[in-house]
Amino acid sequence: MPRALKILVIGMFINVTGASFLWPLNTIYIHNHLGKSLTVAGLVLMLNSGASVAGNLCGGFLFDKIGGFKSIMLGIAITLASLMGLVFFHDWPAYIVLLTIVGFGSGVVFPASYAMAGSVWPEGGRKAFNAIYVAQNAGVAVGSALGGVVASFSFSYVFLANAVLYLIFFFIVYFGFRNIQTGDASQTSVLDYDAVNSKAKFAALIILSGGYVLGWLAYSQWSTTIASYTQSIGISLSLYSVLWTVNGILIVLGQPLVSFVVKKWAESLKAQMVIGFIIFIVSFSMLLTAKQFPMFLAAMVILTIGEMLVWPAVPTIANQLAPKGKEGFYQGFVNSAATGGRMIGPLFGGVLVDHYGIRALVLSLLVLLLISIATTLLYDKRIKSAKETNKQASISS
């Protein structure tokens, strides 16, 4: 692993640790401390996610235009300014405005970071993106745990800790990346006929992202509707929190298992994703009969294995599909797809559960995951057809 990627991994860990001080506590803060309804809290979080989608697209575009260092620094500057504002102004309505700006700024950072990972270690393939993925999840585990402890003293300390960690992230990127060039990354697309195949590649990206949205829509239920369901059947909040602790530990420590599965059964990224989505289906199927904590724990363990196969594969494929000079845009597109799934998932799940119950939601999610498998199998069909056409044209000439 190149030194530049190691620095980026450390930076992303610090970044996500800081963000995770706040995001799990947003609803509690808005509802319990600001006195707003859960509906209002949901709308605020939707604004934050919507701004992140815009930031994802903007961050990818900026990476292609001004490079990784400037793009990430701009995103950090926007986010850091907003977080410093939250330290002093965290009442209503300043909170909603600043949290939305935080969503946009952090949204700029993520696709630029993924695109930079692919640029500084193009020969690393999935390993580069998997390293970023593991760092993010380690940050979520550490930040979520520490955030609850800090919030028990004062929410003001949560905002301060978030800002301080983001300031550290700023210095890591500034001193670690200002002399790194990312413009000469080797082309790793499926085809090198950009003029002929750019439309086919973008169509492949859209189809792939469609399945990615549905995957995240299903996954997001674990932190929303499924969380509420566990409370309704008598599983304590502390036990529910254990599920996410196990998730984080497995992601960090379970990489040898993922490597074994990939080498044994999933040499291609497409096969890796299909196996991952099938594992998702197994996990969600268990929820149809789950009534006790051990069943939810088993379902979470299985879900985590699936996500370790699917989530890092998508940015890797996007990097392979991207024509020269479009790496950032393609990363921004798949990042916005993930954010979009997380944004609409709670609303989708909430409506279904309110009107038809948890069983109807789970059955609907199983259908959506089957669609995700279909999109994964079909996303590159047009590219293969274009490649065949190019071969025939070259033979004829």
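The count begins at 1 with the first shown residue.
Glycine is treated like the rest: Cβ placed from N, Cα and C.
Values in this document were obtained by computation on a predicted structure and should not be read as measured data.
Annotation source Swiss-Prot lists transmembrane segment at 5-25 (among others), citing sequence analysis. Beyond the ends of the transmembrane segment (5-25), by six or more residues, the same chain brings 106, 109, 113, 116-117, 120-121, 124, 128, 131-132, 134-144, 146-148, 150-151, 155, 158-159, 161-166, 168-169, 172-173, 176-177 to within a C-beta distance below 8 angstroms of the stretch.
When Cβ-Cβ distances below 8 Å are used as the criterion, the transmembrane segment (43-63) is approached by residues 26-27, 30, 36, 70-71, 74-75, 95-96, 99-112, 115-116, 182, 327-333, 335-336, 339-340, 342-343, 346-347 of the same chain, each at least six residues removed from its ends. The annotation transmembrane segment is assigned in Swiss-Prot to 43-63 (among others).
The annotation transmembrane segment is assigned in Swiss-Prot to 69-89 (among others). Residues 55, 59, 62-63, 95, 98-99, 101-102, 104-109, 112-113, 116, 156, 159-160, 162-163, 166-167, 169-170, 173-174, 177-178, 180, 182, 328 of the same chain, all 6+ positions outside the transmembrane segment (69-89), place their C-beta atoms under 8 angstroms from a C-beta of that stretch.
Residues 15, 19, 26, 29-30, 34, 36, 44, 47-56, 58-60, 62-63, 68, 71-72, 74-83, 85-86, 328, 331-332, 334-336, 339 of the same chain sit 6 or more residues outside the transmembrane segment (92-112) yet have a Cβ under 8 Å from a Cβ within it. As annotated by Swiss-Prot, transmembrane segment applies to 92-112 (among others).
Swiss-Prot lists 131-151 (among others) with the feature transmembrane segment, giving sequence analysis as the kind of evidence. Long-range contacts of the transmembrane segment (131-151) within the same chain, counting only residues at least 6 positions beyond its ends with a Cβ under 8 Å from a Cβ of the stretch, are 1, 5, 8-10, 12-22, 24-25, 113-114, 117, 157-158, 161, 244-245, 247-249, 251-252, 255, 311-312, 315.
Among the features that Swiss-Prot reports, transmembrane segment is placed at 157-177 (among others). Note on the transmembrane segment (157-177): residues 4, 7-8, 10-11, 14-15, 17-19, 21-22, 25, 68-69, 72-73, 76-77, 79-80, 83-84, 86-87, 90, 116, 146-147, 150-151 of its chain, located 6 or more positions outside it, place their CB under 8 angstroms from a CB of the stretch.
Here the transmembrane segment (202-222) has Cβ contacts under 8 Å with residues 243, 277, 280, 284, 300, 303, 307, 310, 314, 317-318, 321, 330, 333-334, 337-338, 340-342, 344-346, 348-349, 361, 365, 368-369, 371-376, 378-380, 382-383 of the same chain, all six or more residues outside its ends. Per Swiss-Prot, the feature transmembrane segment maps to 202-222 (among others).
Per Swiss-Prot, the feature transmembrane segment maps to 233-253 (among others); the stated evidence is sequence analysis.
The transmembrane segment feature in Swiss-Prot is assigned to 269-289 (among others).
The feature transmembrane segment is assigned by Swiss-Prot to 293-313 (among others).
Residues annotated as transmembrane segment in Swiss-Prot, with sequence analysis given as evidence: 333-353 (among others).
The transmembrane segment feature in Swiss-Prot is assigned to 360-380 (among others); the stated evidence is sequence analysis.
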Leading stretch by Cβ pairs under 8 Å, where the reference is the transmembrane segment (333-353) and the options are 269-289, 293-313, 360-380: 360-380
Cβ contacts under 8 Å made by the transmembrane segment (269-289) with residues that lie 6+ beyond its boundaries: 126, 211, 215, 218-219, 226, 261-262, 295-296, 298-300, 302-303, 305-310, 313-314, 316-317, 320, 358-359, 362-363, 365-366, 369-370, 372-373, 376-377, 380
